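Okay, structure first, notes after.
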Amino acid sequence: MKVLIEPKPQNMINTILLMFVIHSMQVGVGIQGFQRIIYMEAKQDAWISVILSGIAAALVGFIMVKTLHSYKNSDLYGIQYDVFGKWLGNLLNILFVCYFLAAFHMVARNYIEVIQAWIFPEVPSWLFFFSLLSLVYYGLNGGLRTIVGVSFFSVVLALWLILLMAFPFQFANWDYLLPVFEASIPEILMGAKQMTFTVVGFEIIYVLYPFLKEKDQVHKYMQFGLGFTTILYLAIMVISIAYFSGDQLERTIWGTLSLFKIVRFPFIERFEYVAISFWMLLILPNLMLYLWAATRGLSRIFNKKEQKVSWKLLVFLFLTLLYPLNRIQINMLDDYFAKGALFLIFGYPFLLFIAVVMKKKFFSKKGGSANVPKNK
C-alpha cells in the first residue's frame with residue numbers, strides 16, 4: 001500500500017466544502033430522536049450534555065487534523081500502514097472498514113424504520129432498501145466531487161427546516177428547564193456519552209483529507225462544521241425540554257419528528273410526512289460517504305478498483321439489511337454501535353496521534369526521517 005496519495009486534480013475539492021461535509025455527516029438519523037436518551041440520563045440538564053459532547057467532538061477533531069498534518073498527503077489507511085506495519089496496520093484498516101459499513105447499516109436501518117412506522121407500514125422493507133441503495137450507488141459512481149456536492153445541497157436545502165422550530169417555540173414552558181445543574185456530574189457525563197451515536201460522522205476527515213486543496217484551512221472549516229452542528233443540537237434539545245413535559249419526553253422515541261406534528265399550513269395537514277420524506281436528502285450524504293470510505297479502504301488494502309469493490313459492498317449491505325429487526329433489536333444495535341464508536345472515534349485518535357509523534361521522534365533520534373515528510 002502506498003502511504004502517500006496523489007489524487008488527480010479533477011478529484012480535489014475546495015476545503016471550504018469540508019464544513020458542509022462535516023455537518024451533513026453529523027445530522028442524519030440521530031437528530032430525529034436523540035432527546036429522549038439524553039433526557040433519561042441528565043433530565044432538564046440534558047442541554048449541558050449536548051454542549052459537552054460538542055466540546056469532545058471539537059477536541060477529537062483537532063487531534064485528527066493534527067495527526068493528518070503530520071503527513072504530507074495521506075489518509076487513515078496509509079498512516080496506520082506506515083506506523084504499525086503491514087499486518088497490524090491492515091488489520092486496523094479492516095477494523096475501520098467494518099466500522100464504516102456498520103455505520104452505513106445503522107443509518108439505513110433507522111431511516112427505513114421511521115418511514116415504515118410513520119408513513120408506509122405495509123410496504124416491504126426490501127423495496128425501500130433497494131431504492132435507497134440504488135441512489136447511493138448512482139451517487140458513488142459520480143465520484144467524490146458529486147458526493148460532496150450532495151452534502152453541500154443537503155445542508156443548504158435543509159436550512160428552512162430550522163425555521164419550523166418557531167412553531168413549538170411559541171408553546172414552550174421555560175420552567176421545564178429549571179432547576180439548572182440539578183443532575184450530578186456523572187449523570188451529565190453519561191448524557192454526553194449517549195450523544196455518541198448522534199455526533200459521530202466527522203471521522204470522515206480521516207479518509208477525505210488527501211482530497212482537500214488547502215490543507216492549512218482544514219482545521220478551521222472542520223471546527224466550523226462541528227460548531228454549527230453543536231449549536232443546532234443544543235437549540236433542538238432546549239426547545240424539546242421546554243415544549244414536552246419530562247414524562248412526555250421520556251416516552252417520545254422520535255422527539256424532533258414529533259415537534260413537526262404541530263406544524264400547520266393551510267395546504268398541508270400532516271407536515272411530519274413532508275419532513276420524513278425530505279429527510280432522505282439529509283441521510284444520503286451519510287450513506288454515500290460511509291460507503292465511499294469503506295470502498296477506499298478495501299481498494300487500498302487489496303489493491304482493487306473502487307468500482308468493483310463498491311457494488312460488491314452494496315450487495316453485501318443489501319443482504320444484511322434484509323434481516324428483519326424490531327424496535328428493541330434496533331435499539332440494541334444502536335447501543336452496540338455507539339459503544340464501539342466511543343472507543344474508535346473518541347478514544348483511538350489520541351492513541352494514533354501518540355504513535356505518530358513517537359515514530360517521528362524515533363526517526364529524528366536515529367538521524368533519519370519517517371517514511372512520509374511532514375506537511376508544511
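Numbers run from 1 along the shown chain.
In case you wondered, yes, glycine gets a Cβ from its N, Cα and C as well.
TrEMBL does not curate its annotations; it predicts them automatically.
For reference, TrEMBL has these:
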- 12-34: transmembrane segment (TRANSMEM)
- 46-66: transmembrane segment (TRANSMEM)
- 87-108: transmembrane segment (TRANSMEM)
- 123-140: transmembrane segment (TRANSMEM)
- 147-171: transmembrane segment (TRANSMEM)
- 191-212: transmembrane segment (TRANSMEM)
- 224-244: transmembrane segment (TRANSMEM)
- 273-292: transmembrane segment (TRANSMEM)
- 313-330: transmembrane segment (TRANSMEM)
- 336-357: transmembrane segment (TRANSMEM)
Beyond the flanks of the transmembrane segment (123-140) by at least 6 residues, Cβ under 8 Å: 108, 111-112, 115-116, 146-147, 150, 280, 284, 287-288, 291-292, 295, 310-311, 314, 317-318, 321-322, 324
Residues from the same chain, set at least six apart from the ends of the transmembrane segment (273-292), whose C-beta lies under 8 A from its own: 21, 24-25, 27-29, 32, 100-101, 103-104, 107-108, 111, 114-115, 118-119, 132, 135-136, 139-140, 144, 147, 150-151, 153-154, 157-158, 161, 164, 201, 204, 207-208, 257, 260, 310, 313-314, 317
Recorded stretch, among 46-66, 87-108, 147-171, 191-212, 336-357, maximising Cβ pairs under 8 Å relative to the transmembrane segment (12-34): 191-212
The transmembrane segment (191-212) versus listed stretches 46-66, 87-108, 224-244: most Cβ pairs under 8 Å: 46-66
Cβ-Cβ under 8 Å with the transmembrane segment (224-244): same-chain residues at least 6 beyond its ends: 18-23, 26-27, 31, 34-35, 38-39, 44, 46-47, 50-51, 53-54, 57-58, 61, 162, 165, 168-169, 171-174, 176-177, 195, 198-199, 202, 252, 255-256, 258-259
